[in-house]
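S.K.: Can you keep this structure in mind? I'll have questions shortly.
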Protein chains: 2
Amino acid sequence: MNYPNGKQRVSMKQISQTFSNRGMTLEEDINMTNQYYLDMDLAVIHKKPTPVQIVNVNYPKRSAAVITEAYFKQASTTDYNGLYRNRHIDFEAKETKNKTSFPLANIHDHQIKHMESIVSHGGICFMIIRFALHNETYYLSADKLFLHWYEKQRDGRKSIPYNLIKQEGHEIPFNYQKRVDYLSIIDQLYF
Amino acid sequence: MNYPNGKQRVSMKQISQTFSNRGMTLEEDINMTNQYYLDMDLAVIHKKPTPVQIVNVNYPKRSAAVITEAYFKQASTTDYNGLYRNRHIDFEAKETKNKTSFPLANIHDHQIKHMESIVSHGGICFMIIRFALHNETYYLSADKLFLHWYEKQRDGRKSIPYNLIKQEGHEIPFNYQKRVDYLSIIDQLYF
């Protein structure tokens, strides 16, 4: 829902997803991995900033400007993108505490549309899914995700079973410096 | 300068640059152009959200969460990126009211470093520069920008003369729907 002034209403549920399900740990691990890729000059991949609608800013003398009123906006794309071996990389990352399935409510329709555009224009597009309680992190390519998404639309299915992700996805190796070494999977699949 | 809590101090000068020199008009024109490219399924190119360090959020009952304290952070990359004809696209856009030159103070060292990484990993990287008072908008490829940047480091030069940009750059055509049709320049240069 959009307010007339361009603010977007974000529900309590979305906020709590932002700060819990979405998993700071996975995000931190991916950020560290991306920093390692950057430091080693392997790839240039960044997390996009959280989109915020700024409404009011104070400019105190001799100190930093303070944003005193702002609202969360829903992201219209995925969280991460960049460049690796001449290819455009684009992905979303989600963590779940569910043991048996990954809830599709974590993904929005406009994100799927965005991922479809990326695939059709020649980008490498995927999802990183962490099952926190199994301590396992998977790479699921966008085309596999789309199939589950359309099943959801058709049959009302609300999640992807853990076993299917294990089967269709690729487990991402953990390494002290490359905590979510997804480029190793891309190397296998594309190069 | 970084505060211990991760806040970054942004000076009054930076703020005023953000809201004036940086040119909302050019930004709006580019956003409209990107939306047109997206609607026509020509390319997937977005502006990244403004990076903000969120310090405090209020959660009023039955309404949207309000960010009540946040600070601007300096961007470590460029403002725009995306995908066109299988190629990664990355650029920065700046507007100036100067008639005779483009001030290099508009660009930061880490942005140049970022652009160098993009070029070395195979992306298409450039700068869009608008001379507001001439009502002209130029595409300047990253490698040309780098030469001027190193001259600045070496000789202390503070700007790129308008005439050089006219000579080394490519004027971007204006079109009612594609207000800054930079893909037409990329087509000429790369395809």
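Using N, Cα and C of the backbone, Cβ positions are placed for all residues, glycine too.
Not measured: the values here are computed from a predicted model.
TrEMBL lists B:T77, B:D79, B:E92, B:Q111 with the feature Mg(2+) binding site. Annotation source TrEMBL lists site 'Transition state stabilizer' at B:K94.
I'd like to know what surrounds each of these features in this structure.
M.R.: A simple way to gauge crowding: the CB of B:Q111 (Mg(2+) binding site) has 20 other CB atoms within 10 angstroms, across all the protein chains here.
B:K94 (site 'Transition state stabilizer'): 19 other CB atoms within 10 A of its CB, across all protein chains. For the recorded site, B:K94 (site 'Transition state stabilizer'), the DSSP three-state label reads strand.
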S.K.: Starting from the Cβ of B:D79 (Mg(2+) binding site), draw a 10 Å sphere and report how many other Cβ atoms land inside it.
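M.R.: 20, counting other Cβ atoms within 10 Å of B:D79 (Mg(2+) binding site).
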S.K.: Counting only residues 6+ apart in the same chain, whose Cβ is under 8 Å from the Cβ of B:E92 (Mg(2+) binding site)?
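M.R.: Expected: B:T78, B:D79, B:Y80, B:I107, B:Q111, B:M115, B:M127, B:I128.
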S.K.: Helix, strand or coil at B:Q111 (Mg(2+) binding site), per DSSP?
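M.R.: Note: B:Q111 (Mg(2+) binding site) is helical by DSSP.
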S.K.: Applying an 8 Å Cβ threshold (strictly under) against chain A, tell me which of the recorded positions B:T77, B:D79, B:E92, B:K94, B:Q111 fall inside, in sequence order.
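M.R.: Checking chain A against the recorded positions, the residues within range (Cβ-Cβ under 8 Å) are B:T77.
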S.K.: In the same chain, which residues outside the set B:T77, B:D79, B:E92, B:Q111 have their CB within 8 A of the centroid of the CB atoms that define the Mg(2+) site?
M.R.: B:A75, B:T78, B:Y80, B:D90, B:F91, B:H114, B:M115
S.K.: What's the CA-CA gap between B:K94 (site 'Transition state stabilizer') and B:T77 (Mg(2+) binding site) in angstrom, rounded?
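M.R.: Here the two Cα atoms are 14 Å apart.
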